[in-house]
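Below: the structure, in structure tokens.
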Amino acid sequence: LILNTKNLLHIEDGAFRNLPRLKYLSICNTGIRQFPDLTQIFSLESHFILELCDNLRMTTIPQNAFQGMNNESLTLKLYKNGFEDIHSHAFNGTKLNQLILKDNKNLRWIHNDALRGATGPDVLDISSTALESLPSYGLEAIQVLNATSSYSLKRLPPLDKFSSLLEAVLTYPSHCCAFRNLRTEKQNSLLSIFDSFSKECESTMRKPTNEILYRDDSYNASLWSAEKNMYPFASNEETSPYSYSAIFDDSEMTGFDFEYDFCQPKILTCTPEPDAFNPCEDILGYSFLRVLIWFINILAIAGNFTVLLVLITSHYKLTVPRFLMCNLSFADFCMGLYLLLIASVDAQTSGQYYNHAIDWQTGSGCSTAGFFTVFASELSVYTLTVITIERWHTITYAMQLDRKLRLRHAVPIMLGGWVFSILIAVLPLLGVSSYMKVSICLPMDIETGLSQAYILLILVLNVVAFIVICACYVKIYIAVQNPELVAAHKDTKVAKRMAILIFTDFTCMAPISFFAISAAFKVPLITVTNSKILLVLFYPVNSCANPFLYAIFTKAFRRDFFLLMSKLGCCKSRAELYRMNYFSAYTSNCKNGSSATAPSKASQVLLLLSALEK
């Protein structure tokens with residue numbers, strides 16, 4: 001034992017030479033800077049333990065650092081040192097039982113060939129290190145892997161490297177998804193054989209002295225082979241009285257751990273288990289959602305981008321409805337970008353999301369996606385509410401031109417909506433709820449009271465907005481239902497248009513709000529897996545429908561679209577037709593206006609109805 005000797009700065013080569021009876025060597029809490037020469041110990045003991053700890057100035061494990069220590073089983077307890085890297089072939093020439101590297105806070109890199117030339121280890125402990133990856137060679141013999149509090153280890157090597165793993169204690173639950181029900185190819189090929197004689201196993205009896213009663217030599221030999229692998233350190237005298245020409249040889253039994261009757265192979269156990277917010281699945285979970293989300297996000301992006309382009313490039317005066325439509329299209333365009341980002345990451349990580357979950361959910365990508373969706377959702381709901389109120393206000397006060405909503409009024413109203421939406425979207429980035437809770441980057445964290453209040457605030461505001469929209473459209477319908485002003489067929493047409501607008505709002509808001517409110521009160525009625533169906537099928541309904549219902553299906557938009565196309569050399573005849581119709585209507589209005597000082601309420605309402613049904 002060389003302990004608590006801070007002034008010990010160096011151990012010369014050959015200091016440990018020819019020590020055949022040495023079983024245990026501990027060098028802890030010293031000032032040694034260079035890894036000591038341990039290659040000339042030549043211990044003859046069956047099991048040798050080396051402990052190096054609290055040597056904070058020792059930064060590197062060099063090549064062949066342990067070669068020549070011992071030719072039998074070796075346990076290396078190398079913890080709480082200053083190690084930063086481990087070189088190639090560092091463990092060459094050893095038969096490792098346990099390799100303990102825990103609490104080396106600065107250990108960031110193990111060379112891919114660090115374990116080349118070594119047998120084992122059976123147990124590897126890298127907990128509380130800064131390792132970002134495991135070596136690609138030498139993991140095949142590991143039966144127990146401990147990687148708790150290894151927060152930098154976000155990706156695992158290919159799973160076929162862990163061919164003997166029986167127990168894994170990891171940092172992130174998503175990594176356990178990789179090991180869930182994992183069996184090696186060799187184990188899978190043997191399972192059918194185990195099943196075939198499991199009844200034979202169960203019928204095996206023991207005498208009171210625990211001596212096994214064997215039925216025949218071949219059956220007995222197979223049992224002995226299994227027990228031999230259970231106790232690899234048994235002395236050579238404890239040999240089977242039977243031939244090893246058994247059903248299984250030693251190599252075939254590697255990776256199995258059995259009770260005495262050896263009837264059932266052990267299944268790999270892994271902790272921590274994935275929780276309800278992060279089940280073992282890809283981002284979208286269902287295959288049909290993976291296809292559908294591409295159709296929806298392309299529709300949302302293309303439709304809203306087209307509306308923005310046409311409205312912005314139009315040479316007609318920017319009116320309040322056009323201004324509000326620009327805001328709505330931008331909000332829905334951002335929702336399309338969110339869906340595109342989710343779909344792209346899902347496509348890239350499909351089948352291996354467990355290796356990308358930590359980088360994605362804790363990185364800037366998920367935060368960006370979460371910001372986009374919350375900002376887009378709230379700005380869209382806010383703008384839809386303003387558009388509906390503006391329509392109601394215009395029809396209600398059609399005769400009072402001095403009360404008409406002007407652009408100078410609409411700009412500060414929408415500026416308030418932008419500030420509100422940005423604030424709501426930024427709060428999870430500042431610690432109020434979190435976008436990192438789930439793979440689809442929605443703020444589902446309700447662990448604290450403040451986070452719970454934040455979620456409830458958003459949901460209540462959305463429900464209130466929906467009620468306001470419904471109330472305004474009902475009032476609009478009542479206002480224009482006068483048979484003296486509107487023909488019956490026009491009345492029906494307007495009613496249908498309003499019903500469609502309300503239905504799309506309800507389809508988008510109702511399912512999301514219902515399940516989200518129940519979850520906010522910690523009584524979830526739906527799993528995260530099923531909530532992804534809502535995310536794809538219901539959540540973006542407005543973003544896809546709004547550009548068509550509020551713009552693309554209107555006559556005014558079609559006119560602006562074909563005029564824009566004519567500037568690019570397309571659809572010139574159609575554009576000319578729209579241009580002639582527009583000027584004809586404008587001339588007619590001017591003539592009617594010259595004979596009256598003010599338009600009648602009937603003509604005002606009819607004009608507004610025509611705008612509403614477009």
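Any Cβ shown, glycine's included, is placed from N, Cα and C.
Residues or ranges marked as transmembrane segment by TrEMBL: 291-312, 324-345, 369-389, 410-433, 453-478, 499-521, 533-553. Under the heading domain 'G-protein coupled receptors family 1 profile', TrEMBL lists 303-550.
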Fill in: Result, the transmembrane segment (291-312) in contact with the transmembrane segment (453-478) (3+ CB pairs under 8 Å)
no
Discussion item. How about long-range neighbours of the transmembrane segment (369-389): same chain, 6 or more residues beyond its ends, C-beta under 8 Å?
Written reply: 321, 324-325, 327-328, 330-335, 337-338, 341-342, 410, 413-414, 417-418, 420-422, 424-426, 428-429, 435, 441-443, 458, 461-462, 465, 468-469, 472-473, 505, 509, 539, 542-543, 546, 550
Worksheet, complete the sentence: Same-chain residues at least 6 beyond the ends of the transmembrane segment (291-312) with CB under 8 Å of its CB atoms are 284, 322, 325-326, 329-330, 332-333, 335-337, 339-340, 342-343, 346, 536-537, 540, 543-544, 546-548, 551-552, 557, 560-561, 564
Worksheet, complete the sentence: For the transmembrane segment (410-433), the distant same-chain contacts (Cβ-Cβ under 8 Å, at least six residues beyond its ends) come to 320, 323-324, 327, 331, 367, 370-372, 374-375, 378-379, 382-383, 386, 390, 443-446, 450-451, 454-455, 458
